[in-house]
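Visitor: Here it is, the structure, as structure tokens.
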Amino acid sequence: MAEKTYSGFVAIVGKPNVGKSTLLNNLLGVKVAPISPRPQTTRKRLRGILTEGRRQIVFVDTPGLHKPMDALGEFMDQEVYEALADVNAVVWVVDLRHPPTPEDELVARALKPLVGKVPILLVGNKLDAAKYPEEAMKAYHELLPEAEPRMLSALDERQVAELKADLLALMPEGPFFYPEDYAKSDQTFGEWVAEILREEAMKRLWHEVPYAVATKVEEVAERENGVLYIKAILYVERPSQKAIVIGEGGRKIKEIGQATRKQLEALLGKKVYLDLEVKVYPDWRKDPEALRELGYRSSVG
């Protein structure tokens, strides 16, 4: 008789820039989600697959829930609500360094319909950097008293391991959604590279420019000498933004490219040749068709 298996979906939600993607990466033990100090680094749902023994979790990392200002923002919020439609548990991540904001209240309202249906874990993150974590946690818990509160740092291996064990234990009996040897993410290789490129661009650009950048991988080829050739495009909305991304004498795009290549080589364990180009796609964030062309494939518009 076959052993029982347990599996389910866990949505990771929260306002922008609270550490959702860092937590996902550390739950999986491998980098699948982009990270930068800027809000809204995550723009679309990303599935991370964790299989341990006879238990499997499909984590759904979501964009930060916020008041949308354009079609991209509407897409990002839609990604959150769709992720909550059919889950077995929710991890609501908040930042213990600060008291709740209207965006946290927005998340709490989005989770209200799930109360009593699935477990909701209120995870107070950045415990290592918070001055008054207990006070902050109490304020967050008051927004959704039915949630189960816990405090941690997404960078603390022991604390993350404890959360992972508790989540695995919550999974209902059922077949695995992905084979045991499946990759840690449902992203294609090109999507994964594009997100790393966008992460490095966001770290090095300022004001509105990082939010106007979209990235797309056009070609991946293994050369005879073993070097991995990658052709990628960075899209911006205006010629002035293109000039900023390229930089004086091409210095900025070179800096972005070098950082991306180094990260890819470290993660892949092989040499990478990164061929970058910057193009203008006017007002792509406001255009539903442009969003679909650039890989944001939900039913926006």
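In case you wondered, yes, glycine gets a Cβ from its N, Cα and C as well.
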Visitor: Out of 125-128, 133-136, 173-176, 269-272, let me know the one Swiss-Prot marks region 'G4'.
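Guide: Per Swiss-Prot, the stretch marked region 'G4' is 125-128.
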Visitor: For which of the residue intervals 61-64, 185-188, 249-252 does Swiss-Prot record region 'G3'?
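Guide: Spelled out, Swiss-Prot records region 'G3' over residues 61-64, not the other listed ranges.
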Visitor: I'd like to know which of the binding-site residues ASN17, THR62 has the most other Cβ atoms within 10 Å of its Cβ.
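Guide: Neighbour-count leader: THR62.
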Visitor: Within a 10 Å radius of its Cβ, which of these binding-site residues (GLY14, LYS20, LEU127) has the fewest neighbouring Cβ atoms?
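Guide: Checked GLY14, LYS20, LEU127; of these binding-site residues, fewest Cβ neighbours within 10 Å: LEU127.
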